[in-house]
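I have placed the structure first, in the form of structure tokens, so that the comments after it can refer back to it.
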Amino acid sequence: MRTNYCGQLNSSHVGQEVTLCGWVNRRRDLGGLIFIDMRDREGLVQVFFDPDRQDAFKLASELRNEFCIQLTGVVRARPESQINKDMATGEVEIFANALTIVNRSEALPLDSNQTNTEEARLKYRYLDLRRPEMAQRLKTRARITSFVRRFMDEHGFLDIETPMLTKATPEGARDYLVPSRVHKGKFYALPQSPQLFKQLLMMSGFDRYYQIVKCFRDEDLRADRQPEFTQIDVETSFMTAPQVREVMEKLVRELWLDVKGVDLGDFPIMTFAEAMRRFGSDKPDLRNPLELVDVADLVKNIDFKVFSGPANDAKGRVAAIRVPGGAQLSRKQIDEYGKFIEIYGAKGLAYIKLNERAKGLEGVQSPVAKFLNADMLSALLDRTAAQDGDILFFGADSAKVVTDALGALRLKLGRDLSLTKDDSWEPLWVVDFPMFEEDGEGGLAAMHHPFTAPRDMLPSELAANPVSAIANAYDMVINGYEVGGGSVRIHNGDMQQTVFSILGITEQEQREKFGFLLDALKYGTPPHAGLAFGLDRLVMLLTGTDNIRDVIAFPKTTAAACLMTEAPSFANPASLEELAIAVVVKGKAAQDGKSENE
């Protein structure tokens, strides 16, 4: 039906007759002449209708935005004065000879001339995706997946599919369950990741595996999370953690060079402990120059219990953030930052404004100045490298509260005061995570997942002191986003059972949930390691949006609903009966639909 795409026409096509298919993006009547901007997935081109071409001109007078059309015409160069440098096709236009209206459009529920609500955009997603910026994001996504497949193929990885209908295993989030019609009362689970299957593939001898795969997690959503998401899943045998990181870093560096024309350079490696200490986050945004500085040793003897209490507590922390030029902040702004960190459990935000260091205590403004002596103030200013015109913000509480609160405050200050370099890329690897963390109920939970191997420990040593264990795990972080995470896996049955026991999984539960894995570990399992990238998050970064829904064709809302198809919906009673399922509903919203299931 067509010979060319609209957005690919240029001066090399001048004089050629072309047939185009697409939509009317805009129509203009100029004193008896009709112009339209015609759009397809590749972009826009201007079309001119001459009154002398009566049939085409008459039809053109009927055109409205979003009519689907086909036209034939000749490409001609625009006069020098009419070249549009803002359009890729701005040097040419089409002189239309023939026009066909393929399909007319009703008045649109979305307004292209204003910002539409996200609810409207999701409800009419098929119209929203016609917008050039949305089309470009999905084209970039396709470019990324094609690039990844080529890279993985060139490096000897095999693309192997794993099951979508599988067994529920504890991986941190709730599973989406699928009832079995054949096996009454039993359920499949949609995979949260292909973790165990890719490990089994290593045990099968496939050596290098990858897959671009859908994963499902029934968890609370954020702007960068969806109930169904896509991973670039990777696993290798006989490769160490540094070797895995080397290949995956090469993939990402070459991807950024291909898509953005940016060389990311070598990725620095930072331990979890350093990241938390300096930045208050295990995914630090290194574009932001602010850092947390420990000062507990300097205020242990201060006559101010808010500081001295945590400073003398083994589980406490006192830290400061120096904000260059922050002495200009008003009391109202400072109070707002104090309220902000209350979200993270902080009880207040102490500060010191440094107006003129040469004046000592007389040169600062601070509600805690009366508790300081000259030597203590000087030590704090030296430790934080404070300069005249700066402000120091302090956190003093448990180590967790201070780290979380100041880590979040650091990011907010970076945004509010334009300290974060938005036009730069700062990747790194974060390594040496704790193997376990407290689960809030007196037990331990795996910080990554229960199949991660510890570093340099025997099963007996791990069982004796699990809290001290360091996981052989690694996360790739870019601009404060965790884009990928992985680890060396456990390839020893005794070690795997030890980890299960530490997590409170009984031997009976181990056999019921992981018997197939424990059996497989008996038969010459190779050492193996891997990683998974969040494809949606990678595309989000590479397209410059901060919302993952912008890079998924048909995403869900933060309530895990599809406004376009109205999923999820109540099931047909006959289907439920066939599955031998009775639905018990709770709450008014569910009660309103209960009759549909009875």
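Just so you know, glycine gets a Cβ as well, placed from its N, Cα and C.
Owing to the predicted nature of the structure, the values given are computational and were not obtained by experimental measurement.
Among the features that Swiss-Prot reports, L-aspartate binding site is placed at GLU171, ARG217, HIS448, ARG489. Positions annotated as region 'Aspartate' by Swiss-Prot, on the basis of sequence analysis: 195-198. If you look up Swiss-Prot, you'll see ARG217, ASP218, GLU219, GLN226, GLU482, GLY534, LEU535, ASP536, ARG537 marked as ATP binding site.
Structural mapping of features recorded in Swiss-Prot.
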residue: ARG217; record: L-aspartate binding site; CB count, 10 Å: 21
residue: GLU219; record: ATP binding site; CB count, 10 Å: 12
residue: HIS448; record: L-aspartate binding site; CB count, 10 Å: 21
residue: GLU482; record: ATP binding site; CB count, 10 Å: 17
residue: ARG489; record: L-aspartate binding site; CB count, 10 Å: 23
residue: LEU535; record: ATP binding site; CB count, 10 Å: 24
residue: ARG537; record: ATP binding site; CB count, 10 Å: 20
What average pLDDT does the predicted model assign to the region 'Aspartate' (195-198)?
97
Reduce the DSSP letter at ARG489 (L-aspartate binding site) to three states and note it down.
strand
Once the DSSP letters are reduced so that anything not helix or strand counts as coil, what is GLU482 (ATP binding site)?
strand
Assigned conformation of ARG217 (L-aspartate binding site) - DSSP reduced to three states:
coil
Nearest by CA distance to HIS448 (L-aspartate binding site): which of the binding-site residues is it, out of GLU219, GLU482, LEU535, ARG537?
GLU482
Inter-residue Cα distance where the pair is ARG217 (L-aspartate binding site) and ARG537 (ATP binding site), in Å:
16
Between GLU219 (ATP binding site) and ARG489 (L-aspartate binding site), how many Å separate their Cα atoms?
25
Most distant Cα pair in Å, residues ARG217, ASP218, GLU219, GLN226, GLU482, GLY534, LEU535, ASP536, ARG537 binding ATP:
20
Would you mind reading off the Cα separation of LEU535 (ATP binding site) from ARG489 (L-aspartate binding site), to the nearest angstrom?
22
Quick one: Cα separation, ARG217 (L-aspartate binding site) versus GLU482 (ATP binding site), in Å?
17
Rounded to a whole number, how many Å is the Cα of ARG489 (L-aspartate binding site) away from the Cα of GLU482 (ATP binding site)?
20
